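S.K.: Here it is: the structure, laid out below.
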Amino acid sequence: MASNDSIKKTLGVVVGLSLVCSIIVSTAAVGLRDQQKANAVLDKQSKIIEVAGIDSKGKKVPELFAQYIEPRLVDFATGDFVDGNAATYDQRKAAKDPAQSIKLTAEQDDAKILRRANTGVVYLVKNGDSISKIILPVHGNGLWSMMYAFVAVETDGNTVSGITYYEQGETPGLGGEVENPSWRAQFVGKKLFDENHKPAIKVVKGGAPVGSEHGVDGLSGATLTSNGVQHTFDFWLGDMGFGPFLAKVRDGGLN
């Protein structure tokens, strides 16, 4: 009997310790997920501040973001601003929800993203009461990964003022050079559209002609990643992406 009692006590201790450990692990996992989400938000805000050309040295990114950046929701079909909480809207999640997105046909899907949310986010860069730039979030498939970037556009709705990739899994030293500041700098001053308002950015294998309004050099040794960048611009500047919104910007829609 004493032996049975001892076994029961031992089992009770083991079960109790297991429960305590599982609670600790679960709590730690939840805390870690929350921290990871917070870090992801901070990183995204930092990239938006960077591509907007705002000096963040010695300053807190969340405070700068709140001061200078205004997220707004845009209806892709019409290009109009729509009501909603742009600060908490998750466009990736919405794209996976059939009620909030559309499945793209092969003909529509230049960027190989499969689905597109019905509503997108743009970030307006504020200078006092005026808007100085627009930040467009874009993404498209590369060789190995989906590549996510922010493109800064002047208020003419046509001139690029910057681009930064904030999430990608391309080959380091090859396709991964989409993050290289020297390569990204080529986009500054380029025109997104031609005189007929058609998407005109060209990623040129072997190098863009000197003085080209629309061309940037392709990535050396990374043709498929370069193609992915090209297709990303083709899609998001087109009618299925931010094309209708940018057309309204060019017509003075921000005023």
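The backbone N, Cα and C atoms fix where each Cβ goes, and this holds for glycine too.
As listed in Swiss-Prot for this protein:
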TRANSMEM  11-31  transmembrane segment
MOD_RES   Thr223  FMN phosphoryl threonine
S.K.: Any same-chain residues 6+ apart from the residue listed as 'FMN phosphoryl threonine' with CB under 8 Å of its CB? Would you list them in sequence order, or say none?
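M.R.: Same-chain residues close to the residue listed as 'FMN phosphoryl threonine' (Cβ under 8 Å, separated by 6 or more) are Lys205.
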S.K.: Tell me whether the residue listed as 'FMN phosphoryl threonine' sits in a helix, a strand or coil according to DSSP.
M.R.: helix
